[in-house]
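First comes the structure, then the notes that go with it.
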């Protein structure tokens with residue numbers, strides 16, 4: 001959730017409240033912001049695979065974005081052969097420029113295998129950037145203790161290969177940075193032979209098992225983890241220095257910082273684990289997604305309660321807080337489902353697509369809530385002429401506007417580069433699609449931290465009942481006026497036959513006596529002291545009243 005940006009400091013708040021067209025445009029921009037990925041787009045690419053292959057299996061296909069000079073190792077860990085069998089194992093390494101090339105390669109190769117056709121893989125790729133090697137006459141029988149080693153003889157003479165551990169299993173080496181497809185085809189002389197192989201494939205680059213597209217993302221998570229640690233230390237120092245003046249909103253900020261630090265640490269540990277072992281720990285990934293869902297939910301709630309003026313304009317949110325928490329719980333549930341299903345079933349799973357739609361709708365509600373609340377809060381502060389708090393929210397609004405504009409520009413760029421491009425070749429920039437949103441929120445968070453930081457002037461931003469309740473003065477005055485008139489009796493008037501009202505007494509002294517007996521002294525002396533007139537005003541009013549009574553007598 002969540003978004004923010006800078007503009008003209010003095011003009012923006014007035015534009016938000018005075019220009020409906022501009023407000024509608026901002027609302028549309030905020031709604032567009034919701035249709036963006038909320039977390040890591042997919043599971044990191046593996047670097048180590050184990051497969052079971054038998055006489056009925058088709059070619060094995062592996063895809064990965066690799067650095068130049070990445071070593072591909074292939075070995076048979078265990079085997080089972082019904083009789084003497086001679087194997088021919090071919091491997092094909094294909095470099096391709098576009099990430100979206102050959103989406104149906106696995107299905108086509110399986111169909112050719114079922115038709116017992118001998119597929120020429122490099123011919124399928126038109127022999128462009130495709131390298132083929134093979135090992136022939138590999139004997140396997142029930143008496144064999146070990147499967148013959150596999151290696152590419154063309155690579156054994158290269159410097160430093162013989163000194164590396166497991167170099168005898170190196171069957172291919174990449175020559176470029178980019179997208180690669182590695183295909184393993186296992187054949188036997190006897191088509192009716194029964195056999196079973198348990199094979200292992202690893203791809204080790206200059207930095208480890210991690211792919212070329214995930215390497216920058218791992219560094220990014222490490223840097224962001226350090227950034228959040230610095231955020232936490234800075235916030236802790238601020239809070240320790242001014243712990244007596246801590247506001248309630250500042251506890252929310254501390255919770256978001258802690259969850260952000262935990263989220264980045266868990267994701268970094270998962271990427272580091274893949275880089276070290278080549279395998280992904282599904283439980284760790286699920287835990288990371290759940291932490292990410294909690295953090296994103298709390299981050300959205302933080303922006304909402306800041307926009308509502310919690311602790312700044314209002315001492316409590318009342319029933320509005322129930323709606324905010326309910327919306328947050330709804331988002332948390334669907335965000336957790338989306339993250340777990342993406343780890344288990346992949347980003348194209350039906351449940352992931354449906355939850356993405358629901359999350360987009362909930363995010364739209366969040367954005368609408370934030371926009372309406374922020375506009376109302378700034379309007380209230382402007383009416384109260386509270387320049388200190390108004391300046392605070394003006395800077396916060398400018399930050400949100402900046403983030404909205406930055407998000408729109410980024411979405412246009414990613415759509416053009418990764419979504420609708422015929423050739424998705426910018427693999428070096430894939431990590432930006434995931435990292436941008438985390439970086440953008442960290443910018444919003446540091447702005448919120450700076451604006452709402454603990455300081456000696458904390459109480460200038462805190463809710464002050466004697467000052468901030470001015471918008472309720474009219475209502476309170478009406479209630480007080482009703483209570484003050486409870487002890488006042490209405491003076492009855494007599495009417496004559498023609499319906500004309502007649503004074504109850506012709507004597508002005510009797511009228512004054514009636515006032516003294518029926519109007520409580522507390523009303524004039526205590527409740528409304530400002531209504532007590534001076535002696536001169538009383539004499540003037542008495543003369544006017546006498547003239548009115550005299551004119552009525554004459555009539």
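Glycine residues also receive a Cβ, built from the backbone N, Cα and C atoms like all the rest.
Annotated N-linked glycosylation site per Swiss-Prot: 68 (among others), in sequence order. Taken residue by residue with DSSP, residue 68 (N-linked glycosylation site) is part of neither helix nor strand, so it is coil.
As annotated by Swiss-Prot, N-linked glycosylation site applies to 160 (among others).
Per Swiss-Prot, the feature N-linked glycosylation site maps to 198 (among others). Same-chain residues at least 6 positions away in sequence with a Cβ under 8 Å from that of residue 198 (N-linked glycosylation site) are, in sequence order, 50, 51, 52, 53, 76, 77, 78, 79.
According to Swiss-Prot, the N-linked glycosylation site annotation covers 275 (among others), on the basis of sequence analysis. Residue 275 (N-linked glycosylation site) carries a helical DSSP state (H, G or I). Sequence-distant contacts (6 or more apart, same chain, Cβ under 8 Å) of residue 275 (N-linked glycosylation site) comprise 47, 207, 208, 209, 210, 215, 218.
The phosphoserine annotation in Swiss-Prot covers 470 (among others) and is backed by similarity to another entry.
Taken from Swiss-Prot, the feature phosphoserine covers 497 (among others).
Residues or ranges marked as phosphoserine by Swiss-Prot on the basis of similarity to another entry: 534 (among others).
Sequence annotations record features per position, and here Swiss-Prot assigns topological domain 'Lumenal' to 43-216 (among others).
Per-class residue totals from DSSP over the topological domain 'Cytoplasmic' (238-248), listed helix then strand then coil: 8 helix, 0 strand, 3 coil. What Swiss-Prot records for 238-248 (among others) is topological domain 'Cytoplasmic', and it gives a curator's inference as the kind of evidence.
The topological domain 'Lumenal' feature in Swiss-Prot is assigned to 270-300 (among others); the stated evidence is a curator's inference. Non-local neighbours of the topological domain 'Lumenal' (270-300) in the same chain are 1-2, 38-40, 43-48, 202-204, 207-210, 214-215, 217-218, 221, 252, 255-256, 259-260, 262-263, 328, 331-332, 335-336, 338-340, 342-344, 363, 366, 441, 445; each lies 6+ residues outside the stretch with a CB under 8 Å from one of its CB atoms.
Positions annotated as topological domain 'Lumenal' by Swiss-Prot: 345-351 (among others).
Feature annotation from Swiss-Prot assigns topological domain 'Cytoplasmic' to 373-394 (among others); the stated evidence is a curator's inference. Mapped onto DSSP classes, the topological domain 'Cytoplasmic' (373-394) shows 20 helix, 0 strand, 2 coil.
According to DSSP, the secondary structure content of the topological domain 'Lumenal' (416-429) in residues is 7 helix, 0 strand, 7 coil. Annotated topological domain 'Lumenal' per Swiss-Prot: 416-429 (among others), in sequence order.
Residues annotated as topological domain 'Cytoplasmic' in Swiss-Prot: 451-555 (among others).
Per Swiss-Prot, the feature transmembrane segment maps to 217-237 (among others); the stated evidence is sequence analysis.
Annotated transmembrane segment per Swiss-Prot: 249-269 (among others), in sequence order, evidence recorded as sequence analysis.
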> If you count Cβ pairs under 8 Å, which stretch among 217-237, 249-269, 324-344, 352-372 touches the transmembrane segment (430-450) the most?
Replying inline: 217-237
> What is the total of other Cβ atoms whose distance to the Cβ of residue 68 (N-linked glycosylation site) is within 10 Å?
Replying inline: 13
>> Let's see if you can do this one: DSSP helix, strand and coil counts over the topological domain 'Lumenal' (345-351), in that order.
In response: 3 helix, 0 strand, 4 coil
>> I need to check the long-range neighbours of the transmembrane segment (217-237): which residues 6 or more away from its ends have a CB within less than 8 Å of a CB in the stretch?
In response: 40, 44, 210, 253-254, 257-258, 260-261, 264-265, 267-268, 271-272, 275, 431, 434-435, 438-439, 442, 445-446, 449, 453
